[in-house]
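Trainee: Marked as [4Fe-4S] cluster 1 binding site by Swiss-Prot: 24, 71, 74, 77. Sequence annotations record features per position, and here Swiss-Prot assigns [4Fe-4S] cluster 2 binding site to 190, 246, 395, 399 based on sequence analysis.
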């Protein structure tokens, strides 16, 4: 049976793709003990392993297991979490919870919440030849037919990510003379990039990375904190699923930083990709086109959302544009009507500048794909990086081309990507500063923009992964 997760062979069209390391995925430091050999290993008839100590006592050995946390703490691979068997992060796990809700004691039921990314809406819309609004409403109805209680749009949580990125950049810009690592500020929404940074460049690169949570994890905070309180639920009474264009989002959700120790629950319990949603539809024998529509839910009482609402600035979230416009106005009193991009070597590396009196006062860039990311890091290491802010994404062409998106059938990959981009751009856009509900939540939920509660809910931290030298990593 074919694996439900994508593999390296499925990504060969990404010419700068960095595959998993061929060394041991989980190198283990072996501590030598003094004395003679302590035990022998015996293989039983059932294939199990038994340790026999010098006194003749036997102890059955357990099989080694690799968890998502092991992946995060391991320096054996650079990225591509999709090549690892992720048992607790799949659509089968969602089915398991939905089945338990139908068969177990009602007191043990979970309120199931699904939060869908706009990139996933666009990929599904392209596959079924639907407009974005119909796709969102039909997918909402599909999930609710399965037993999901609430379906949200992560465009809402992205408002917080954009606003916090704007505020953080202003703070960093103002302290750049005192803090040499305050700029350039590097975007933090892409978990593939974060994983690469922590494992490969560690303590050198981490101070430059924005502390703002991604929209997925902000949505996790909203659902397990604000929404839970509104519904008189404990965080562990909610099972929160996100639908994402990227397999690395599964790793992001599994970071210890996003685990609530008090209630023993994660902000996001399960991440499924757009491709896995397609498999769910196929498993149910349904075409999304044939599902009757249902409005999206909102985080505000009984209100419903008739259509997805997006943001300007491209299919990866629009971080560069929003931070650039805000910084131009806040720092230099300049209102930017149109952000003009200047492509450099390719469309995945572009620059944006603001000039005053013939001088460049703001110098921004976007860097998509690992080839461009590596070039960016080398500029930083040589002290030749001219940028104040960089929108960094691991996938060439950004999130709309994520590894978890639906693959092309009967058309070229570039043609499909163009259709997905066109559909994504049909959605009505909004400025996060103008969203009344966002301003309301800053007061009611977070108490204040600068509160400790806001810091905990909307920001995170990163961890350099120490390289482990072990005999198990030797190449023969």
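Numbering starts at 1 and runs along the chain as it is shown here.
Placement of Cβ uses the backbone N, Cα and C atoms for every residue, glycine included.
Could you place the listed features in the three-dimensional structure?
Mentor: Annotation note: residue 399 ([4Fe-4S] cluster 2 binding site) sits in a helical segment as assigned by DSSP. Around the Cβ of residue 399 ([4Fe-4S] cluster 2 binding site), a 10 Å sphere holds 27 further Cβ atoms from the protein chains shown.
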Trainee: Tell me the Cβ contacts of residue 190 ([4Fe-4S] cluster 2 binding site) under 8 Å, same chain only and six or more apart in sequence, or just say none.
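Mentor: When sequence neighbours closer than 6 are ignored, residue 190 ([4Fe-4S] cluster 2 binding site) has 214, 246, 248, 316, 392, 393, 394, 395, 399 within Cβ distance under 8 Å.
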Trainee: What are the other residues, in sequence order, whose C-beta lies within 8 angstroms of the center of the C-beta atoms of 190, 246, 395, 399 at the [4Fe-4S] cluster 2 site?
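Mentor: What remains near the Cβ centre is 191, 192, 245, 248, 316, 393, 394, 398, 401, 402, 403.
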Trainee: Tell me the Cβ neighbour count for residue 395 ([4Fe-4S] cluster 2 binding site), meaning other Cβ atoms within 10 Å of its Cβ, over all protein chains shown.
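Mentor: The Cβ of residue 395 ([4Fe-4S] cluster 2 binding site) has 27 Cβ neighbours within 10 Å.
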